[in-house]
């Protein structure tokens, strides 16, 4: 029988999921995205060549791997076609390898306009969205008025679209005081999208299930990170989808008992893009060092990432939320040369009448408890054998394992897929 492996972020995103998915797809027959949209940014480095993917699963570069976009993803057809074009220009046969659920809600021009108008109106209180229409698209889905990919092929598309544009234009022009979205232009776009995407639409749930029954290895690729989950993250500074392992089943239709292994991708320190609380954030030279050496700039937005010490307490919670089987520790090499390393081992909690919130107010109010470990001067860049790691690096890894109650199964020591230590392969676990 094959194995079904989930790969997801365990912090605030940007943990290095793309590289690990690309690495592990050597043993997978299919890779499926199950949530989010083109707000994700997965960077792959293969033989020194960098590819950034926002919507298409990271397995697309592997010959013989089928990539699926599940119903939990909000689909921006214009972004998809642009990404496809870039890959095809580099010789990747995307149309042969990519399949898309007809149940994906579409990100329309009015969603992008709403997203950007809302952020502008919030001023200093902005959430820090990517401005790509993700939130408003999920909003329409939950309100049961979304235009889904399937609607492009149905006779009532024009009526649905006209009603929706009228509804959203009222908000845009009357409340946000910005330009209205043109109906005719949007309808024309929909007709173009239909023809471009037609050959890739499929019943993703059934296709994945048939692969499972045939004993094939499957992979489910998460976007963003656990602490950005709509339910379990630092609300309201979160994304609009279910980022945790539970989102796999709702976002693809593959039931939870069919999932064999959950891998949490985790940086050896902590980063966050945009607004929101960050208990272990650094504002000193060490924070600047992590940002510089770690090249901490968002693949989607280009925004500088905030950097801080490893937060073991936040990760311990992520392990529980996702029932993680193991973690992959990335960017260990960024810590090379630091004399001391601090780990956030817990929080000093404020008095409250409402325990267990774990939202933005909770994380703003806590102060971290730190434990200090000795760093290492040796380079870990490109090491592929655990025994070759500096002794203090091993101590750091073992301490993390003890604090979070989960084994470190993979260690990344550089951006290339080959610069990796695999202690336990998820497909062999």
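Cβ coordinates are placed from backbone N, Cα and C, and glycine is handled just like the others.
Record note: Swiss-Prot gives 14, 15, 16, 17, 39, 40, 41, 42, 130, 144, 224, 239 as IMP-binding, and the candidate from 95, 97, 303, 316 in that site is 303.
Within 10 Å of residue 19 (GTP binding site), judged by CA to CA distance, lie the following recorded positions from the set 41, 42, 302, 304: 42. Rounded to a whole number, the C-alpha distance linking residue 43 (GTP binding site) with residue 14 (active site, proton acceptor) is 9 angstrom. For residue 43 (GTP binding site), the count of additional Cβ atoms within 10 Å of its Cβ stands at 18 [all protein chains shown]. Neighbours of residue 303 (IMP binding site), defined as other CB atoms within 10 A of its CB across all chains, total 13. When other Cβ atoms within 10 Å of the Cβ of residue 224 (IMP binding site) are tallied across all protein chains shown, the result is 28.
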